[in-house]
């Protein structure tokens, strides 16, 4: 910063300007004098990360995967509403998913703890019985509202859910996680739950309602956790799992409607190829300024 | 002083006495010295508690506490146009020729400068703080600053670093920005008449105990220093959310007897705390200027400080030990300062400070800025609008709209409450302020 030392200047009458505030106005220089060293300490784009296309594409797989999961849920909802799936099939599906989820959690966990497993089982038992008791209420919740409004609202809520979803982690944290879920991810989770309640309330019987609610809640609450565990366990497995899910989702959606199939395919291409390319392209517009005026960062962690 | 050269200045800021801080001090001392130079100075701020209306301070300084309640951190609620009527009345009543606003996060200052420009007054703005460019708060703040500075006649910054920052934030031409530092009332901050013994070295910290002032650095530095130098004692003045952490640190390392925590220190008692120490420790993480360092140096203390913002410009190298804001470097700097201590004579240091800083000098330099501002050409609304338009794609249009509405409101006010209806106040001439010795010494050289 200081520029006092070393080189003597040729003209003795004009002392060199110094970047100092003391000693009053510097002789020969007015207060609005701007030296050549002005903004010398400014650093531009110091923290820009060079991104690799392949890496960004791989990272975007998490997003495509979750979109497919939601698409699958929507398929199941539609089939249940159209009575293609009976409640017994659905209950069977529920228990299969629950079992599979547990197997994945146990296999990917670093160390197995019986206590934790028991804790999980107890919670799920409470959860299922609570849902069963509440099912009659859900059944008649929106009797007075037209189906069109319900569908519109559900689509809207699912969009909110997808938009705000925490794709990098999981809203339901594995035990012992350090950080708390963010506000947006909580809003997203709640939107999805409301959407499931709305859909369930269109169904004819209590058992239907119970089965669909259990299915949607299992997916919305625990699928991100399971996917997160798989991703942490092995990235290759995560990629295989995701591509499998994508194929299944595309196949199921294509049986629903051509347009929906096109839409989902377009969305997946957009997320996996266009968005990463776009992200890398807009990096050149990055304009970040750092300099001596920045607040200093502490080099140690502050624990409250 | 001839009548023409006499400026009639209105200082505007949300921050003024009875609130206390760097800005308040700056406005007060600057006004006092300008009054002594024969100018007319009026201060306008918002009401503090039941202090509302007009008050007179030392030297005939007239202060308008306008009946506007602060809503957040001593700021008034931004209403854009709400303050126009009262400001117009004050400007006309006091026959003001120039408006000088202080501090970038004072809403009252921004509004007043906007109205003053609408009414065709010349305006000067002083920026007292540094801002980053990254977080959401700063980005919005910078836009507001850009709006105000788009049409300001001249701007003043308190340090060269602050000037760089302000120019970057507002896009103002660098030659329109003057650097005039703060000063210190050396008459108020005199060293102790007797030199302290050096058997025990006392390190003084006086700052608000918050994150930005580096309270977390202190938590790391103090135990280490206590461990390395058994004859060192700390006195910490100030209060804030981080006080608990410091107290925890004290208990954890069992150094209660060596670290005194005084709590908040009223400004009048700062000197008495300062003169009980040898070294002043400043751990700020960001600082545009730091008056506290000047006060300490004026009391003859050797300063150890973090090398942030404008701090390196404040004192000559032999009066301050600078360190990077890292515990290890800070501890080294404290060690260096302790070794340097025998060479420091507080009285000599005080005399040096007297020659380096004076409010009188600040006022003289500010006077030159006022002269510059008054020499700027008058412009009508149409000439000024393009400058607002260039502030940004959306913001520019919004700013233009605000200025046009403000202009219309001003004309409406002129109709509703014509100029002739507002009486001009006779000037209050302080009986002995030009040729006689001032009632107290504001460190005239």
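Cβ from N, Cα, C; glycine included.
Keep in mind it's a predicted model, so treat the numbers as computed, not measured.
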- Item | The annotated transmembrane segment range in TrEMBL, which must be one of A:150-167, A:168-185 | A:150-167
- For which of the residue intervals A:39-60, A:259-280 does TrEMBL record transmembrane segment? A:259-280
- For the transmembrane segment (A:187-203), the candidate among A:88-108, A:120-138, A:150-167, A:209-230, A:237-253 having the most Cβ pairs under 8 Å is A:150-167
- Could you tell me whether the transmembrane segment (A:88-108) and the transmembrane segment (A:209-230) are in contact, taking contact to mean 3+ Cβ pairs under 8 Å with a sequence separation of 6 or more? yes
- Same chain, outside the transmembrane segment (A:150-167) by at least 6, Cβ under 8 Å from its Cβ: which residues? 62-63, 66-67, 70, 74, 142, 181-182, 184-185, 187-189, 191-192, 194-195, 198-199, 201-202, 220, 224
- Query: Of the listed stretches A:88-108, A:120-138, A:237-253, A:259-280, which one has the most C-beta pairs under 8 A with the transmembrane segment (A:63-82)?
  - Reply: A:237-253
- Counting only residues at least 6 beyond its ends, the same-chain positions whose CB falls under 8 A of a CB in the transmembrane segment (A:237-253) are 58, 61-62, 64-65, 68-69, 71-72, 75, 227, 230-231, 260-261, 264-265, 268
